[in-house]
Amino acid sequence: MVDQSIAGAGTVATASDGDRSGRARIAILALCLGLAVAVLLSLTSGASDASAVSVVGDWLLGAAPGNEALSARDRLIVYDIRLPRVTLGVLIGAALAVSGAVMQGLFRNPLADPGLIGVSAGASLGAVSVIVLGATVLAPITSMLGTLALPLAAFCGGLATTLVLYQVATRRGQTSVATMLLAGIALAALAMALTGILIFMADDRQLRDLTFWQLGSLAGATWQKIGSVGPVIVLALAAMPFLARGLNALALGEATAGHLGIPVQRLKYTAIVGVSAAVGASVAVSGGIGFVGIVVPHLLRLAIGPDNRYLLPASALLGACLLLLADAVARTIVAPAELPIGIVTAIAGAPFFLWILLRKRGVIDL
Amino acid sequence: MIEARDVSVAIGGKGIVANVDFDMRPGEIAAIVGPNGSGKTTFLRALSGDLAYSGEVTINGRDLSVMKPVEAAMLRAVLPQATTLSFPFTVREIVRLGLLGGRSGALPGEDERLPERALARVDLDGFAGRFYQELSGGEQQRVQLARVLCQVWAPVLDGKPRYLFLDEPVSSLDIKHQLIIMNIARDFARRGGGVVAILHDLNLTAMYADRIFVMHRGRLAATGSPQDVLSDDLIEKVFDCRLRVGVLPAGDMPFVLPQSAV
Ligand SMILES: Nc1ncnc2c1ncn2[C@@H]1O[C@H](COP(=O)(O)OP(=O)(O)O)[C@@H](O)[C@H]1O
Ligand SMILES: [Mg+2]
């Protein structure tokens, strides 16, 4: 039973009056500070000696004449190499974590995650189609859409997968965990097989692009890439807060959410399109970065409770922080080479996921 | 005023409720009784706007089928037969969800205190900080009722009556809390609202209902005041059980009726 599976989380102490909103606000404030620190550290760590003080100094002085807080070389490194990468990390971390939280609310299930249930695989299929076939079969479409082709294809792939999954796994507003996970496996397998065919057709140059991209990476972040997916992610994230109340009501079931005045059908479709857009855009630039969407909301629910009004913004902030952290690990652990960030999130996230399952063992009824 | 004319509901091509006429005035408690599977819940779900129906339903003269969810949420609150919860909310957080879409009708600035007041009314003082999923079935049902009360806190809003739709509100409760909940319903009706309740206990029904609607195999078998409806014949026909109304048990067998509450 779904509702029983969560009872374990109740061991965490709660405010005696049952109102966790004060605590949640403090947590969000702390996460804002944490993110600021993480951004600054990411901008200043690496093979250049630009210090945090000089970066902040340069930023404060801006275009003021005589601003020599950073040397020309450091400025190039900070603004043209590190800042795009950090920006992308923040956008994608936020997008993945919020998508996870929204999807869990939508499926009424804490195990729903875009990576786990095949949505990312569907998005990958869309993206790989464009990478491999963009110059040949799909040329008329890609030339028309330009840099939007890749994120758009990923979005369509993710959307198609989510819609199929939702239809298959949900009956009368109740999602079966088993059906959802198994259908996700089937859809992911199908998407990956089709992706495999495309990879088989790829030439050597495309192949190198694909391998690194598939494992998930923030390397190669440019302002141009951010320009093509940033607006999509920002738009999707901006829409999510409007879903918060509806998702809270949905925790009581679709019928009750409707009784409370929520237009449930519209809520569901907005959520599905928003998640597909955010995940599609993320996958298009950085490949499959797994587990952020499940780990972040889960940790936050333990800390501040499941109220989506706070859970969604807090997920965005913590997702961004954790992805910057993972990127720092990916960049430094095998320096001067670099690991794909997807490997880092999987190594940290997969055991965490197992831990969630262990805690719920016996009460989760597949 | 709620009026339903010739309401039929089919689910998956199978007719479940057929040709039901139902009407009630504000100030009343209307009880729906009938054996398991007779279509009580299905009819109430049609009345709540959850299921497509044929026929006509109006609430306060407005056609239900063209009402937006938020408009309906201001007119009535619905207590389902069972509620499952997918995330670990506290009791207060659940009750507060009642304030989400509609208008409680409480004085301005009082909404934040409503969850505690509603919990006190259902005899759950001090439960606000507990986790919903850790409560007993009866306690959970009362938390849901507190949520429902928050949604239509004022039985009359802008001069228009509002309604409580309760699907088996007392089935999992002990006798004390059955009486507490039924008294809340009666109080809601006396202050100008209306209550539609699906009940199984015929004694409670006789005690509290102004009008009874008896359902049998998806149809309305009888309707009227408790005095008119509750007869040996009807009970035998509908419940397939030979019982006699108003007959005391033989000898010194003890019996306890809710009507004896002092
Ligand atoms: N969603 C559904 N799909 C198919 N049959 C249903 C559905 N809901 C209820 N039924 C059937 O309709 C009949 C009436 O159900 P219900 O209205 O829940 O009865 P009750 O009077 O006990 O509340 C039952 O036979 C039940 O099996
Ligand atoms: Mg029923």
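Numbers run from 1 along the shown chain.
Just so it is clear, glycine is given a Cβ too, placed from its N, Cα and C backbone atoms.
Feature list (source: TrEMBL):
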{"type": "TRANSMEM", "residues": "A:26-44", "note": "transmembrane segment"}
{"type": "TRANSMEM", "residues": "A:86-107", "note": "transmembrane segment"}
{"type": "TRANSMEM", "residues": "A:119-141", "note": "transmembrane segment"}
{"type": "TRANSMEM", "residues": "A:148-169", "note": "transmembrane segment"}
{"type": "TRANSMEM", "residues": "A:181-202", "note": "transmembrane segment"}
{"type": "TRANSMEM", "residues": "A:223-244", "note": "transmembrane segment"}
{"type": "TRANSMEM", "residues": "A:269-299", "note": "transmembrane segment"}
{"type": "TRANSMEM", "residues": "A:311-333", "note": "transmembrane segment"}
{"type": "TRANSMEM", "residues": "A:339-358", "note": "transmembrane segment"}
The transmembrane segment (A:148-169) versus listed stretches A:26-44, A:269-299, A:339-358: most Cβ pairs under 8 Å: A:269-299
Ranked first among A:86-107, A:181-202, A:339-358 for CB pairs under 8 angstroms with the transmembrane segment (A:269-299): A:86-107
The transmembrane segment (A:223-244) versus listed stretches A:86-107, A:119-141, A:181-202, A:311-333, A:339-358: most Cβ pairs under 8 Å: A:86-107
Spatial neighbours of the transmembrane segment (A:311-333) far in sequence, C-beta under 8 Å, 6+ residues away: 24, 27-28, 31-32, 34-35, 38-39, 41-42, 45-46, 85-86, 89-98, 100-102, 217-218, 237, 240-241, 243-244, 289, 292-293, 295-297, 299-301, 304-305, 339-341, 343-345, 348
Folded-back contacts onto the transmembrane segment (A:119-141), same chain, C-beta under 8 angstroms, at least six residues removed: 103, 149-150, 153-162, 165, 187-188, 191-192, 194-195, 198-199, 201-202, 206, 209-210, 213-214, 275-276, 279-280, 283-284, 287-288, 290
Other parts of the chain folded back onto the transmembrane segment (A:86-107), taken as Cβ under 8 Å at six or more residues beyond its ends: 35, 39, 42-43, 113-115, 117, 119, 162, 166, 169-170, 175, 180, 218, 221, 225-226, 229-230, 233-234, 236-237, 240, 243, 247-248, 250-251, 268, 271-272, 274-275, 278-279, 281-282, 285-286, 289, 292-294, 296-297, 300, 308, 311-312, 315-324, 327
